[in-house]
Amino acid sequence: MKTRSFFWSLIRYRPGLYALNLIFWSLIHMAPLVPGLLTKAFFDDLEGSYDFPYGVAAIAALLVAAALGRIGLIYVGFLTDVNVRYRISMLLRRNMLAHVLKEPGARAIPVSPGEAISNFRDDVDHTEEAVSWSVDMLGLIGFVGVASWILISIDAQMTVLVFVPLILVVTAAQVATARIQKYRAASREATAKVTGAISEMFGNVQAIQVAGAEKRVVGRFVQLSERRRQTMVKDKLMTEALSSVFANSVNLGTGLILLLAGYKMRAGGFSVGDLALFVYYLTFVTQLIGNVGNFMTYYKQMAVSFGRIKSMLQGAPAQLLTKPAYIGLGRRKPGRGGQAQEARAAQAGPSGPAESSAGGGASGASESRPTAAAAAAEPNSGPPPASVRESDLSVRLDDDFAPPVQAPPLQVLEARGLTYRFPETGRGIEGIDLTLRAGSFTVVTGMIGSGKTTLVRTLLGLLPAEAGEVRWNGETVERPADFFVPPQSAYTAQIPRLYSDRLRNNILLGEPERPGSVAGALHAAVMEEDIGGLEHGLDTMVGPRGVKLSGGQAQRTAAARMLVRDAQLYVFDDLSSALDVETERRLWERLFRQRGDAACLVVSHRKAALAHADHIIVLHGGRIEAEGSAEELLRTSESFRQLWHGEETG
Ligand SMILES: Nc1ncnc2c1ncn2[C@@H]1O[C@H](COP(=O)(O)OP(=O)(O)OP(=O)(O)O)[C@@H](O)[C@H]1O
C-alpha cells in the first residue's frame, strides 16, 4: 500500500465527518475575503473615492460582525477537527493493537517494546496531523482564487507581486521536503532508539548492577541521546527555517506592495482602500501558504511514519490499519461485531479444529491472550474501573477475535514434521513428530538450546510453523494460535509473566472465580503454604512483574494460573529453573494424580518429571534424537544418560 492510498483510506474512514471538517475549515479560510472588502470600502469612504450608503460606522459594525462570525466558525472547526483527528488515531492504534495481539505470541512485535511504544505514540500522531492539515487546502485554493480575481480586477501588476512570495515559498518547500523527510526519518529512528534504551535499562536494573555495567550503560545512553540531539537539531532547524521563510515572505510582499503603491497612487490609479485590501489579503495568502507548507511537511512525515507502522505489521497487509472498527465512541453500529461474532460462532461450531480456522483469529495460548487483555483491562491496583472492564474490551476487539473454540474431547494430538527456524539464527526445530494421547504424561528433554521451548511454542502456535501440521483427533488444526487456548489447552511459559495486581487477579486473569477453584489451583501448584506467609494472602499486591514474590513463587503462581483453567492439554515449559527438587517433585505428583484425562506435555530435565513420564522425547540440535520410556532411553541414548546422571553430579 502506497502512502497516498493509506492517506485516502484514512479520509474515507469517516467521510461525512471529514467533509464537515473540510467545509468548516474552507469557510474559515475564505471568510477573510469579506473583511478585506470592508476594509477597502472603509478607507475609500474616508478618502472620498467611494460612498458607502450606510456610513463608516456601519462598515465598522460589519467588520466586528465578520470577526465574530469567523470566531464562531473557528470554534466549530476545532470541534470537527478534534473529532476527525482523534477518531483516526484511535482507529489506527486500535487496529495496530488488535494485530499485535493476533500475531504468534512469541513474535508479536518485531522491535523492542520501547520502539513499539514510539510507533504507537509518535508515528500515529504524525499521521493524524497530516490528515488534519489536509482540510486547509480547499479553503486555501478558494481564497487564493477569489482574492486573485478581485485583486486582478483592481491591478494585475500588483497582483503578480502579491503572489511572488507564494511562488517563492512553494518552491522552497518543494526543494526542502526531500531533506525534511530524510532528517525526520533519522530523528524518529534516533528517538525510538532512546525510548528503547530507557525501557531496556528500567527492565534490567538488577542485571546492570550485578554486572557493574552502570557506566557503560549510561555511556551508551549518552551516545544514543547525543545522536538524537544531532538529528533533532537538523530536523527542527530545517522545519523552522521553512516556517521563517513562510512568515517573512509577508514582510517581503508588503514592502514590494508599498513601493509600487506609492508610484501608482501618485499617478492617481490606486486608492488607499486598494492598498489596504492588497496588504490585508497578502497577510492571509501568506498564512495560508504556511498551511500548505505545514501540510506538505506533515505529509512527508506521515510517509516515514507509515513505513515504520507497516514494519510493525510484519508483512500483513497495510489495509488492516484502516479497517473500520468500533473505537469505543458513540453507539456501536448493528451488524458490526455482534452479528459478525454470531456468524463466526456458527462457523466455528461445536465440531472443533477445522471449523475454528474459519473465525477471525485470536492470538496466543492462555499465557498471551488473557494476559494481554487483562493487562489492558486491569489497572495497577484494585478492581478495574467500570469503563475498562474486560466485557468492554471484548466489545472493542471482538471484530477481530474469534470466540473461543469448543473442540471435542481430546483422544489424540499429533504433530507431524513440525518445523520452525528463527530467521536471525537459522536455529529452531526441524521435522518433529509427536503423539500425545488423553491422560498421557510426555516429557521433552535435551541439552540447553536443543529446541525444547521452540517445540512447545510452535506446537501451540506461539511461533508460526514453517512446515508440518498439527491434528486434534485426526482433524487438522488450521490455526493453532486460535485453537490452543482454554478449554483446549493451557500453558506455563519458562519465564512467568506477572502483573502489578493482586495475586488472586494474577491467577484468575479474567477467569470467573468458581468456589474452590483458586484454592484447588494453588494446591496443585504447591503454592498453598506460601499464601499464609504473604502479607494479605491472595489479596497481596505482587508489584510490577511480580517483584514481591520469589522466583519460585512467581513460577508457581504462573502454574496456578494455568491450572485454574479447565484444559485437556497442559503444557509446562521448564519449571525447574526456579523450583527446588522437593517442591517440583510434589508438583508433578499432584499433577499426575489430578490430571484426569488431560494430556500433559512437560519440558524438563529433572528426574522428578522424567520418572512420571510414560513417554520421553530427547531433542538435540532441533531434532528428535531418541524417544521412549526412561528405562529404554537409559539403555539406548547416551544423551539421555548424561541428562539423567547430570542431575546427580551437578
Ligand atoms: N529469539 C530467538 N532468536 C534467534 N534464535 C533463537 C531465539 N530463541 C532461541 N533461539 C535459538 O534456537 C535454538 C533453540 O532454542 P530453545 O530456546 O528452543 O532451546 P531450549 O532447548 O528450550 O533451551 P533451554 O534449555 O535453554 O531453555 C537455540 O539454538 C537458540 O539459540
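Quick reminder: no glycine exception, Cβ is built from N, Cα and C everywhere.
Per TrEMBL, the features are:
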{"type": "COMPBIAS", "residues": "339-357", "note": "compositional bias 'Low complexity'"}
{"type": "COMPBIAS", "residues": "364-380", "note": "compositional bias 'Low complexity'"}
{"type": "DOMAIN", "residues": "30-301", "note": "domain 'ABC transmembrane type-1'"}
{"type": "DOMAIN", "residues": "413-646", "note": "domain 'ABC transporter'"}
{"type": "REGION", "residues": "331-391", "note": "region 'Disordered'"}
{"type": "TRANSMEM", "residues": "16-34", "note": "transmembrane segment"}
{"type": "TRANSMEM", "residues": "54-80", "note": "transmembrane segment"}
{"type": "TRANSMEM", "residues": "130-152", "note": "transmembrane segment"}
{"type": "TRANSMEM", "residues": "158-178", "note": "transmembrane segment"}
{"type": "TRANSMEM", "residues": "237-263", "note": "transmembrane segment"}
{"type": "TRANSMEM", "residues": "275-299", "note": "transmembrane segment"}
At a C-beta cut-off of under 8 Å, are there same-chain residues at least 6 beyond the transmembrane segment (130-152) that contact it? List them, or none.
7, 10-11, 18, 21-22, 25-30, 32-33, 36-37, 81, 84-85, 88, 158-159, 162-163, 166, 277-278, 281, 284-285, 288-289, 291-292, 294-295, 298-299, 301-302
Intrachain residues whose Cβ lies under 8 Å of the transmembrane segment (275-299), provided they are six or more past its termini:
3, 7, 29, 32, 35-37, 39-40, 42-43, 126, 129-130, 133-134, 136-137, 139-140, 143-144, 147, 150-151, 154-155, 158, 162-163, 165-166, 169-170, 173-174, 177, 180, 239, 242-243, 246-247, 249-250, 253-254, 257-258, 261, 265
Determine the mean pLDDT over the domain 'ABC transporter' (413-646), rounding to the nearest whole number.
88
